[in-house]
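Quick look at what Swiss-Prot lists:
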BINDING   ASP11, ASP12, SER42, ASN96  divalent metal cation binding site
Amino acid sequence: MPRPKILLTNDDGINSGGLWAAYDAMSLFADVTVVAPATQQSAVGRSISIFEPLRMNEVTMHGTQAYTVEGRPTDALLLGLYGLGLRPDLVVSGINLGENISFESITTSGTVGAAMEAVNQGVPAIAYSLQMNDEGNKFADPRSHTTDFTQSKDVVTKFTRLFLEKGMPPESKLININIPAEKIEGYKVTVLGERLFETSVEKRIDPRGKPYYWINGTPIYIPEEHSDVTALRKNYVSVTPLSMDNTAFKACPELKKMILDID
């Protein structure tokens, strides 16, 4: 029986330890091709480069042939599918350094964005993210710190094999999985939490007296029994099925009534 084929990408870039931890876990039971951004691309969402050319380079990383794309995670995914002609059974994005939970985060996450684009192109996908105790390590040079991926690799192995063998659940071709930084208490199927940050903008002045700005976010916690945010805070692996259809169906009947008043 042929081994399943997986296209592996991320948003932290080709040098990320999380990417290669996922590769190490999945290459034991699948043929994995790595196509990842050349540099850090966090928080770019599902954006695509349509106004600039993209370059893809073949490299050897950790003794493995891989491909780097000078672009965004979605660019890497598309070049893997259409530039290299890959026909994967599954796309895996991650392991991201830092959780991707709540409505707020998944729409900006490059990790989830690449997985969404895979589903848009007809390929089921899983996005894996690891909670970080040290928030500064989310965007630090991956070569400047070490992260223990032992239990993350175990999660990746179990869930990737599960969905390869049994297929995706009805009504969802995209699974968002978040792994706690501490010892895992178990697994929970969750829904998206409301918010993760209280957004603010910080104004600063450069040496020439001109203003510039940083967008900040102070973490907040809204208790919701079945949310991914709550599960992760309690050290459970959060497993959230996502849908590509953003239609607010419950609003349609009332909206139909409202537009009757338009001349």
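Backbone N, Cα and C define each Cβ position, glycine as well.
What you are looking at is a predicted structure, and each value in this text was computed from that prediction instead of being measured.
Shown are the binding-site residues ASP11, ASP12; of these, the residue with the fewest other Cβ atoms within 10 Å is ASP12. Figure note: comparing Cβ neighbours within 10 Å for the binding-site residues SER42, ASN96, the maximum is reached by ASN96. Taken residue by residue with DSSP, ASN96 (divalent metal cation binding site) is part of a strand.
Other than ASP11, ASP12, SER42, ASN96, the residues of this chain whose Cβ falls within 8 Å of the Cβ centroid of the divalent metal cation site are, in sequence order, ASN10, GLY13, SER16, GLY18, GLN40, GLN41, PRO73, GLY94, LEU97, GLY98, SER109, GLY110, THR111. Under DSSP, SER42 (divalent metal cation binding site) is assigned to coil, being neither helix nor strand in the three-state scheme. DSSP gives ASP12 (divalent metal cation binding site) a coil state; it is part of no helix or strand.
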